[in-house]
């Protein structure tokens with residue numbers, strides 16, 4: 001129990017340091033990329049020690065990416081929408097967290113470990129691409145209180 005809590009604390013502190021130095025968007029993409037790098041060798045059979053080390057690294061970076069998402073997500077939304085946007089994102093993540101083990105265990109039980117790793121890699125790469133397409137970097141910016149619609153471009157403009 002103590003070791004697990006120390007691990008979580010380490011991930012949270014490391015994520016916070018990286019977020020402040022690099023920025024939210026880039027650190028999120030970096031963490032997701034590191035998860036892919038740690039998982040990729042597991043497509044092929046590895047020794048137990050190497051598998052444990054790679055899974056440890058992947059878990060550490062995935063915990064870091066979740067932490068960055070919880071920092072970055074609320075900063076994207078203006079105050080009037082912040083709790084709703086963050087709540088919906090959190091709910092979606094929790095539903096995915098419930099479905100993921102069912103799919104993974106089902107595939108591993110059916111001797112499809114390679115397919116599980118490839119599925120995880122695809123989902124993580126798609127997540128990194130989505131993060132890359134986020135239009136806003138919130139590092140060093142004040143949180144927005146209002147939203148407005150630009151008449152000339154007809155796009156949502158977030159700002160004061």
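The first residue you see is number 1, and the count goes up from there.
Cβ coordinates come from backbone N, Cα and C, glycine included.
Look at TrEMBL and you will find 1-139 tagged as domain 'Major facilitator superfamily (MFS) profile'.
The feature transmembrane segment is assigned by TrEMBL to 26-44 (among others).
Here the transmembrane segment (50-72) has Cβ contacts under 8 Å with residues 7-8, 10-12, 14-16, 18-19, 24-25, 27-28, 31-32, 34-35, 38-39, 41-42, 89, 93, 138 of the same chain, all six or more residues outside its ends. The feature transmembrane segment is assigned by TrEMBL to 50-72 (among others).
Per TrEMBL, transmembrane segment is recorded for 93-110 (among others).
Here TrEMBL flags 116-134 (among others) as transmembrane segment. Here the transmembrane segment (116-134) has Cβ contacts under 8 Å with residues 25, 28-29, 32-33, 35-36, 39-40, 42-43, 76, 103-104, 107-108 of the same chain, all six or more residues outside its ends.
Here the domain 'Major facilitator superfamily (MFS) profile' (1-139) returns a mean pLDDT of 81 for the predicted model. Sorting each residue of the domain 'Major facilitator superfamily (MFS) profile' (1-139) by its DSSP state yields 118 helix, 0 strand, 21 coil.
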